[in-house]
Structures are given as C-alpha cells and as structure tokens.
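Participant: For reference, the structure I am asking about is given below.
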Amino acid sequence: NSATLVLLPNSRCLFDDPIQLKVAGLRSRQVVTLRARSTDEKGVVFSSAATYRADGDGEIDLDRDHSLSGSYTGVEPMGLLWSMKADTLHKRFQKTKSMNPHVVKFSVHEETGRMLAEETNERLLIGDGVSRIPVKEGNIRGVLFTPPGPGPFPAVLDLYTFGGGLSEKRSSLLANRGFVALTVALYGHDDMPRQIEEVHLDYFEEAVEFLRKHDKLLLCLHSGDLALSVASYLSGVAATVWINGCSANTIFPIYYKKSQLLPPLLFDMSKLVVHESGASIIKYGVHDPQAEENKATQVPIEKAKGRFLFVASEDDLNWDSKTYMDMMAKRLKHHGKDNFECVSYPGAGHYLEPPYGPYCPSAFHGVVGRVVLWGGEPRPHAAAEVHMWMKIQEFFRANLSCDAAHTEAKL
C-alpha cells in the first residue's frame, strides 16, 4: 500500500500556527505509529510518538482521531509537537534565533517499525516581510522586529532577560502578528558584561525612548517582576504583561538615576527541595514578600499609569505565582485601582512560552545555577500556552489601539 502523510493548510507555517495532520492509503483499521522529531539550536534531538488506528477507509485525521498510546493519548491535534522530549533529562528546547525555523519531521510507521510515509513541517519564527534589525545604539543591545506594511504599529518591549543573552522567539512571533517588537539583552550578550550585580531602569527607559522615536507609538512589556518596576517607575508604558513571577523585586537591586529604588527579596537556599530526578524545587526558598522586613522589596504597582495583565500557572514550582498574583490584585484594589486582569491556569508549570513547542518539565536555571523543576503537566500546560498567547495579543490590541496612541503615548 502507498500511504501518504499530509500537513494542512501546508507544510510551511508560522511557529505558533496549528496544523492538521492526515494520513491516507492505509489498510482498513490498520494500527500505525506516528512520530515527530526535531533538533534544537544546541543539537539536542527531541522526539515523540503516538499510536493510531485508521478508520474503515484507511485514513487517520489527528483533528478527529484519538491516540491509543505513546507520548500522549486522546484527541490532541498538536500532541506530537508539545509532547516531544529530549533523549536526555533536563533539556530545554532551545530556539532563540528567529532566522532558524523549527523543522519537524513527521513520519508514519508500521508496527514492525518500517516507515510508510514522511513529511517535513517548517515552522517559521519570522514571517514573510517582517524585518529584523540588530540594535546597538547607546546602551541598548537587542533586536528590533517590524511587520510589513506602512504602519503605524503598536510597539512591544520584550524583557526576556534573566539567564543572560538574547531570545528573539517571542518578539519575532509578535511582529508576525502586527506588533513592532524590541527584545533587549541585559547581560551576557555582545559587548555587555557576562554577569551583573544590579539592574538599572535607565537602560529600559532608553529602550522605551528608542521605541517611541522610531515613530512606533506605544509601549508595553512582557516579563516577570522586572516588568512591574518598568511599568511602575517609567512613563509611557500603556500596558504590561506579567507572566509567572513575583510581586516583589527579586534577584538584583533596582536602581534608577544612580539611586536604589528597591532591594531584592532574598532566597533561602536551605529550603530548596531536591526531587528524585535530581532537579530542585525552588519556590519554597523565596522569602515572604509580605513579611515586615521584606516590605521594601514590593514593587509599588499602584504607581503604574497603564494596565496590567497578570498570568499565573497554578502548578508553577519556580515561583508561587498564583499567590503573588492574588497579592498584586489585592494591593491594586486597596489603592482603588481596577487597571488589571488576572488569568490563571490549573495544571500549567512555570515555563509558559508561545504555543506548540515541546513542554519542558525541568532544565538548568541560569540564575540559581542548578537544574530546577518547572512544574505542570504536559497537556494542560500546552493548552495554557495556546490560550495565553491569544490572550496577550488581545490584551495588547485592546489597550494599544493605534487610534488611542496619540493620547496613550503621552502618559
């Protein structure tokens, strides 16, 4: 028999686009294994497999049919993508350079293992017509992505900063969706220091000004507690997305115009829990931001002029994100403010990314210097990523419509 494997709408798509997999030309009710395999930027191989039974016509449709066994079970149209695992423990799927597509090889195999059909899915991080310009201006080190067309476009400052270096994935994907996006490095990139001891908001202010003078009308941000400080102390920020972080300033002290604004909330390393896999659970080591001696570390988010979207995974093992989100909501309400929305995801872990990448249960944490457990279960985590990614774009559009830009940018 000559089996065929088809990817719809076609085999080339954006990284965050769903695809439909169909197999035809099998024997009636034939049982086969579908496999997916990909190699990341570090050369680590990720793969998944799921067993399906064809219908009476010898066809399988992943939008309709359920996996009987393998990396996942049930009807999961994108299951082969999110359930991919590395062949070694504690590896995070590394995809930080926008020019390299995520190339996935899908294949169909008989029970003996013989391959019947294969097809390659090229998942692009940067769409046709999107421009990518490395930025090295003043102190700023980063990459600016601009959608095709005349604009004006809403602008996003992407703070994907801790752990050093630069990640282009989120920003390039936002540019595909009509946002100007600037991703900036904080350290460990280009001519920047390898490590830092403190964070200066002046750097982010420079990035905010850079985005504004490029005739990109608006601003907003995207990260953990660092985004809270940028939104609270700097002007011109219309909307801020906070994903799985702390309500207090953590890791490094925050400075602005050479004076310290916030000390960092500290960790107690003796409270780390080591899991049987060898990975640590670090959320129990974080000091209580509400304790009297730690009040000075809390970010005064009530000062922010813009709106907040708080996103928390309920099974985050890195931070007690849901609790911190509730603290922030309470703090804003206490100050008579309703400029925020909260979204939380049961069963999701710390590492929420744009959708359809491999779920990551544990990996080396650059700041802590050890392997940590992120938490979550693959299926609800993957579903959370799909929902969150749409929610972020809706939130930005609702708060950064270009018509409102002229008034917003003056805030």
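Glycine too: its Cβ is placed from the backbone N, Cα and C atoms.
Take a look at what TrEMBL says about it:
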{"type": "ACT_SITE", "residues": "Ser223", "note": "active site, charge relay system"}
{"type": "ACT_SITE", "residues": "Asp316", "note": "active site, charge relay system"}
{"type": "ACT_SITE", "residues": "His350", "note": "active site, charge relay system"}
{"type": "DOMAIN", "residues": "199-400", "note": "domain 'BAAT/Acyl-CoA thioester hydrolase C-terminal'"}
Participant: Could you give the Cα-Cα distance between His350 (active site, charge relay system) and Asp316 (active site, charge relay system), in whole Å?
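Facilitator: Between the alpha carbons of His350 (active site, charge relay system) and Asp316 (active site, charge relay system) there are 4 Å.
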Participant: Just the number: how many Å between the Cα atoms of Ser223 (active site, charge relay system) and Asp316 (active site, charge relay system)?
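Facilitator: With distance taken Cα to Cα, Asp316 (active site, charge relay system) is 15 Å from Ser223 (active site, charge relay system).
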Participant: Please average pLDDT over the domain 'BAAT/Acyl-CoA thioester hydrolase C-terminal' (199-400) for the predicted structure.
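Facilitator: Per the prediction, mean pLDDT sits at 93 for the domain 'BAAT/Acyl-CoA thioester hydrolase C-terminal' (199-400).
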